[in-house]
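**Student:** If you scroll down you'll find the structure; I have some questions about it.
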Amino acid sequence: MASQEESVREFVAVTDVDEERARFFLESAGWNLQLALASFFEDGADDDIVTLPQPEGGSSVSRSAGPSTQPRVTSFRDLMHEAEEESDEEEGQRFFAGGSERSGQQIVGPPKKKSPNEVVEDLFKGAREHGAVPLDRPGRGPGEHSKAKAFIGGGYKLGAAPEEQSAYVAGEKRGSKSQQDVHVVLKLWKTGFSLDNGELRNYSDPGNANFLEAIRRGEIPLELRQRSRGGQVNLDMEDHRDEDFSKPKVAFRAFGGEGQKLGSATPELVSAPATSQQDQAASEAQASTTVSLDSSQPVTNIQIRLADGSRLVQRFNHTHRVSDLRQFVVGARPAMAAREFVLMTTFPNKELSDESQTLEQANLLNAVIVQRLN
């Protein structure tokens, strides 16, 4: 007892509180003076003390003789802090109903719904945790694709000199049609997400739950894997969480149908011939056989762009005349026999009015000729 009274006096001398308050802190700390002082200056100096009710029957709670490792002082600050932590839990707010002083029923409310901003943050966090790398692409607008596609077709390599023949260069072959690589841009908006230039899909839609969960796990969703059919899927994520959804404008596409040729009092309809591809190929092959080619003489390739949009390529000797080009066009397209047309050069545009000239005299070696209807 003497040591306890000495501890009370020392506590009062340091804290300048009454003996009853000092005895409370010392009893709560198991009469450990240092622990009682730490509890007082941490919680008791400015806050009121909450005294827990003693159990009925008058029996006191036994305490261990040794010093306690945990403070036994509870303040209003601690209670408020615990309430804030509980309110932040995802399982929802807890409620107590019914019961008496020593019993009651706990009711857990429904889970709190995440805001769209938190949903987007979770998606990016999951992607980063699974190896996603942020990319800086300056100069791109929202949803704008800047990835250019290389030309993969074939074409003719023109000769460097008039006597050099043109050669056909084949393009790269595409892979199997069943397997293809897919590049998708996932745009995360304020209220939902979209794929490439597609429609808005809401975050709260149950049909999108599996898609978003796969993104959160750092996986490619099944929907995108089915697009690639076993190929590679490249997924880019764009952060638009502070923006409302805006569908990008449709890219301009040139008119590919039929039309009327202007420039005359009665415009005429210009369209592709109604002949089948087999008949057209047969006509081209027949026209090629009518060209008398001398392999011992210099040879050149002439490309002719027809008014219907198709092209013809034929080999001629340098001594062939411009009239031979006209006969070849009429033979390859029999429908042109009843039409009036002229042949012109490109860059600069010049009409080939003198059809008696040879190809060499008309400077048409390895040239491109354009057909224009009158």
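Just so it is clear, glycine is given a Cβ too, placed from its N, Cα and C backbone atoms.
TrEMBL does not curate its annotations; it predicts them automatically.
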**Student:** For the record in TrEMBL, which of the ranges 167-198, 199-230, 263-294 is the region 'Disordered' one?
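**Tutor:** Region 'Disordered', as annotated by TrEMBL, spans 263-294.
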**Student:** Using DSSP, what's the helix, strand and coil tally for the compositional bias 'Low complexity' (274-292)?
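**Tutor:** Each residue of the compositional bias 'Low complexity' (274-292) counted once, the result is 13 helix, 0 strand, 6 coil.
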**Student:** Should anything in the same chain at least six residues away from the compositional bias 'Low complexity' (274-292) have a Cβ under 8 Å from its Cβ atoms, list it; otherwise answer none.
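**Tutor:** Sequence-distant neighbours of the compositional bias 'Low complexity' (274-292): 312, 314-316, 320, 324, 327-329, 331-335.
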**Student:** What mean pLDDT score does the domain 'SEP' (181-246) have in the model?
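**Tutor:** Mean pLDDT across the domain 'SEP' (181-246) comes out at 87.
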